[in-house]
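**Q** One structure follows; several queries about it will come next.
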Amino acid sequence: MAPYSQLSFLLTVLLIFGALCVTSKVQIQSSSERQSASSNTGSTGESTSNSSASITTVPIVTWKWHHVETPYLVALWILVCWLCKLMAQLNSKLKSFFPESALLIISGFILGGIVWGADKAQTFKLVPRNFFYFLLPQIILDTGYFMPNKLFFSNLGAILVHAVIGTCWNAAAVGISLWGCYLGGAMGNLQIGLLQFLLFGSLLAAVDPVAVIAVFEEVHVNEVLFIWVFGESLLNDGVTVVLYNVFDAFVSLGGEKINAGEIIKGIVSFFVVAFGGSLIGVVFAILISLLTKYTGKVQIIEAGFIFVLGYLSYLTAEMLSLSAILSVTFCGVCCQKYVNANMDEKSVTAVRYAMKVFANGSETMIFVFLGVTAIDTDIWVWNTGFILLTLLFVLVYRFMGVFFLTWILNRYRLVPIELIDQIVMSFGGLRGAVAYGLAASLDETRIKEKNLMITTTLIVVYFTVILQGLTMKPLVKWLKVKRVSPTELKLIEKVNNRAFEHILAAMEDISGRIGDNWWTRGWKRFEDTYITWFLMKPEARKNRDYLFSIFHKLNLEDAINYVTEAEKRGSLAFLNQTDGTIVNFEKKLRFSGVMPDIMSELDFGNNNVQPTSDTVPSVSLNIHEHEMKRMNEDFNAHHLLQQHLYRSRKNHRHKYSRSNFSINQSEDEVQEIFQRTMRSRLESFKSAKMGVTPAKKITKHPKKDPNHKMSNGKTTDKSKKHPYGDEDFEFSEADSAYSGDGPRRFKLTLSVAGVENPAFIVAPSQGAQRYLPWSPRNLHRLAPLRISDRSTDSFLMADAPATEESSEESPQQPSQRDGTHM
Amino acid sequence: MGSTNSTLSKIPNAGDLMQETGFSPAHIVRLYDRYKALDKDKKGHLCPQDFGAIKELAMNPISDRIIGAFFSSGQEVLDFPSFVRILAHFRPVDKNRPKDPNSPEHINSRSNKLKFIFQLYDQDKDGKISRQELLQVLRTMLEKQVTEEQLESIADRTIQEADLDRDDAISFDEFRKNSLWCPSRSIKCRATD
């Protein structure tokens, strides 16, 4: 699809659109005349036709523009913005060079130019009201909902330091320096005072979440850095709102009335605004979670509740003049876990996709409108000194603030933040639409230089988004230039490198990447006992054990595969053949979306274990003969290695992303690794116990535990010739009652049947052999996996859920056949 | 983080450990907290199941080997000093530490790091990575769809490229020579307080 055809298409649309604007203006004027005429004549109610004059004949078709004008324009603008985004994505060369946000702003310039050319006035500005009430909330809800909680909360201290102290510093420094320069005469004559400078400083101080995400998405930085900048951009809204309102009030009061009392009130208002906003968010999160607990019957629309309640939390906070962004953020942050657990799978997916659509759509529109708004002669006031000095101060003080605060924070950190990261952090302090919105909401009667401020804000926004966005990626690359340029590595080196990465990732996991201290565990305990009882559906609570459900899925999958294969071949005797047929289960198994999104930073969103008929996998079996024996000599081992080595966790760690939401290939990889590990553990355990060549694929016949309606979709019909070991999978519950006063305790016990029908011992097929454990000597004693029972996801999740009470184990022991447990 | 000093006093032989491994007191305390957290049943030592319970570890293809490396020489219990010693391998190389030619190499010297990794490959501890052992490692690290023949060819080629003395196995020296990778990264205990 040539970009040119798209371009011409877009231009056509724009031309039509421009013409429409012109005609709409004409229509507006004429219809308003007529409407006033009609109201004068007293006909109220319907304004059906264009004229109040009586019609002379039955109209077949009438032109009803003024009926649909507003929604039509809105829809048309949305369409045009999204088309711009489409165009921006089309040209891949351009895309790798320019950040998408910059391209959107430029498209906005073009569109603005067209509209201005048609109307000689900018009819479509970014009105602050529309921005704050219709475009911003969904973006923030999206960030809150997808926030990596563990990372966020463990870095909360640093984030708050930057958000609060950093923003205050920025505001004060910029304001005072500008005032100083003004006094020094660098700006000529302006009707402006210190307070107004401070007000201006405060609206420019805040790092903008929309812009930060847009740029950082394209630049991959390490997760601590990312969460710092990201978290700061969200939490500084609390400060910005306070500063803006306080200085606005000061400006209204006038300089004389400001005394200590007022200043103290200002400080108090900070706490009220910030905590109040967050509290509202938490309240709404509780509401959402409670609601989803009971919406099982209306699964079809339960996804919608999140959006409505999220939006209400924003508006409520706004109504109470508290920080609306904080409210929505915390609403999303707090409700994610419970909502994901309570809602049906499909609803969860629906919510996620819908959020991404709204957020992405809004972001696109914001950037385009930022561009459109610029093309307006009314607001442009040029004052070289003011503008250039502002730019300079904004940049410089950002750097200074970040470096200073990080220096302080580093003294309390085990791992200091490096210089490179600090530079990236400073450079990533982008201003965006929020600043513009605040500037546009200034009261021009009190603030005479409003237009100058708007101009300056726009220029700062463009500078940061376009220029800094452009240079971010090259800067990062340049700063990290210390990498050794690799010569062609030998195979062993490639393998080693990958092995090293895996080892490092494992060591990080073992040593606990995120602090695991008393506070964390205490919270987890509290949460498990009280909060999940209150906010989660009973079924969801039961099924929280992630590992267990994975295990179960694994075995179902095996069973289904074998049975399907048997159906194809008539019987399961195919497993007897060892003449080199390779049974290669290429699984595009989706578990019908039941498999949780592992990659979401270990926030194991839960799934109800429902192996219904939905879980019929699409198994494709490739059975090919041993022609591979005859491989040609120049077999490309290097290429194969490159392609097929598993990537380590660093390479596919979760990144919050607004534009990418997909179950990507790395998830499949992780699932594969996970399954293999589980399998090998099961089988090494089995081989240790049986002392027999582990010739069987293992499955489980879940005991029909009377307490649990664990429907298993697979058959336990023993008449089929299953070459399976009899492993009974017991699932017992220590606390029988759902009283909720004791923690849920699930235990997986895996016991091995003593007797095995020798007829079922078969030699493994080639493919099955691959899975057999290589069992290094010291590993067969890796006693079976102890799967613990705690909730797998929480705000502050330690790596391995804690099971403080182990006394349950002993009473269970006598009931095991072999005395071995998992 | 709370009172490092008081926690430090609870850890037996903390001073010796710090000396031996080069960890700072804050690091040792952090590791101790982690050790205790991993030890769910409060046994006072760790066993393989405790490692198995770390979820992220199960997503690592060579997790079992790594766990095995902690429990070397067939033991089933891991006490705190051994835990710390193994993690100490991954500290950054101390460039500034005075080099005393007579003292044994530091635990996190490059050579020791490589030795640790070598041991992951060499399961039977004969000082060489045989073809079979290499095959096993490759099997775990490569995706499922790589067939057995492909695996064997890769293993053969790998040994061919690395093996200098033609004994069809990779010794530690050959391994070391082929590791251009400088283990300059280290694990970082990402406690953020």
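Any Cβ shown, glycine's included, is placed from N, Cα and C.
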**Q** If you check TrEMBL, which stretch out of A:159-180, A:423-444 is marked transmembrane segment?
**A** A:159-180
**Q** Could you pull out which residues elsewhere in the chain have a CB under 8 Å from any CB of the transmembrane segment (A:353-375), counting only those six or more residues past its ends?
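**A** Residues 77-78, 80-82, 84-85, 101, 104-113, 115-116, 122, 124-126, 131, 135-136, 138-139, 141-143, 145-146, 210, 213-214, 303, 307, 432-433, 436, 458, 461-462, 465, 658-659, 661.
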**Q** For the transmembrane segment (A:159-180), what are the same-chain contacts with Cβ under 8 Å, counting residues 6+ beyond its ends?
**A** 152, 194, 197-202, 204-207, 227-228, 231-232, 234-236, 238-240, 243, 386, 389-390, 393-394, 397-398, 400-402, 405, 408-409
**Q** Taking pairs 6 or more apart in sequence, does the count of Cβ pairs under 8 Å between the transmembrane segment (A:381-407) and the transmembrane segment (A:451-470) hit 3 or more?
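**A** In this chain the transmembrane segment (A:381-407) contacts the transmembrane segment (A:451-470) - 3 or more Cβ pairs sit under 8 Å.
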